[in-house]
């Protein structure tokens, strides 16, 4: 009899098994890379911030649609007052370089500029809705992310990798999908009275948000969370209170107060206070850029609640948009950025691992040490 050929069907089985084992190994490495405890914790914290923003959006919409109350500066003023009563007073009772008077003597003008940027960023975005469309606001508001990344590059010396730019592009694709869903669901009910002015206001507000977030990241990582919140509370109260008397005194006088309106104001203030209190904690653990990517889902949460509260039309694109944004956010958090220290002399700058995505870097270093020991 003729001997069987070694290249029969059985010879391909080891190749198939090897490919399957390689694929399983790849999936395990991806799982270990993308679904670590620190990344899951970052996702949870980011979505908590998104829910806080969602709460402010829903209460504001209730006030505007059900009770015809449009007072964004008054609502912000209440939040700044809460920050002042908690964190500014806390600084007043501290001693040494953390004392309120010591900080004011050395850095008062810097915090005035920071408070002005924070107050006006909130005001310009809300005011833009009166001139331009919802689609323009949602799209142009994302302009703050590249502004934030550019400022982080030059001010915080953050150094990004290719995966970070791809992740940001994926997140922006998710925002585009959300806007498309809004158009298909016919939520675009405002053609805008002056689109150009509205778009300029959105771009200016987004840029101020980027400036404020970069300053926040620097302060909470280099100084303290309490100093940032205390100074923003102090100067935010003064600036928003002064602007309130100029631009909204007639609107406030026309409010017909009852317990429902008061409750909505309280709910808005609590959501905003929680947002301001928790955001520095998340930024300190990750970065301002990753936080801004995480809160892109806030509009989607508002849409989901609006299905029940405001009779919005549902679209499967909302689910797709949420999924795309979360994929981009996980991609961004999966790889830590690097920080380039500025040269203080003629010695060339040294590049080393920074403090963006700190938990992920600690975990990676631990795994490398463990592998070296083995």
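Every residue gets a Cβ built from N, Cα and C, even glycine.
Database features, via TrEMBL:
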{"type": "TRANSMEM", "residues": "39-64", "note": "transmembrane segment"}
{"type": "TRANSMEM", "residues": "76-96", "note": "transmembrane segment"}
{"type": "TRANSMEM", "residues": "138-158", "note": "transmembrane segment"}
{"type": "TRANSMEM", "residues": "165-184", "note": "transmembrane segment"}
{"type": "TRANSMEM", "residues": "196-216", "note": "transmembrane segment"}
{"type": "TRANSMEM", "residues": "228-247", "note": "transmembrane segment"}
{"type": "TRANSMEM", "residues": "259-279", "note": "transmembrane segment"}
{"type": "TRANSMEM", "residues": "291-310", "note": "transmembrane segment"}
{"type": "TRANSMEM", "residues": "316-333", "note": "transmembrane segment"}
Would you confirm whether the transmembrane segment (76-96) and the transmembrane segment (259-279) meet the contact rule of 3 or more C-beta pairs below 8 angstroms, pairs 6 or more apart in sequence?
yes
Using a Cβ cut-off of under 8 Å, list the residues of the same chain at least 6 residues beyond the transmembrane segment (291-310) that approach it.
42-43, 45-47, 49-51, 53-54, 57-58, 61-62, 65, 138, 142, 144-145, 148, 167-168, 171, 174-175, 178, 182, 213, 279, 282-283, 318, 321-322, 325-326, 328-329, 332
By a Cβ-Cβ criterion of under 8 Å, what residues six or more beyond either terminus of the transmembrane segment (259-279) are in contact with it?
45, 48-49, 52-53, 55-56, 59-60, 62-63, 67, 69, 74-76, 78-79, 82-83, 216, 229, 232, 291
Between the stretches 39-64, 138-158, 165-184, 228-247, which one has more Cβ pairs under 8 Å with the transmembrane segment (316-333) than any other?
165-184
List, by number or range, the same-chain residues at least 6 past the transmembrane segment (228-247) whose CB is under 8 A from its CB atoms?
73-74, 76-77, 79-88, 90-91, 100, 103, 107, 111-112, 114-116, 118-119, 123, 215-216, 219-220, 276-277, 280
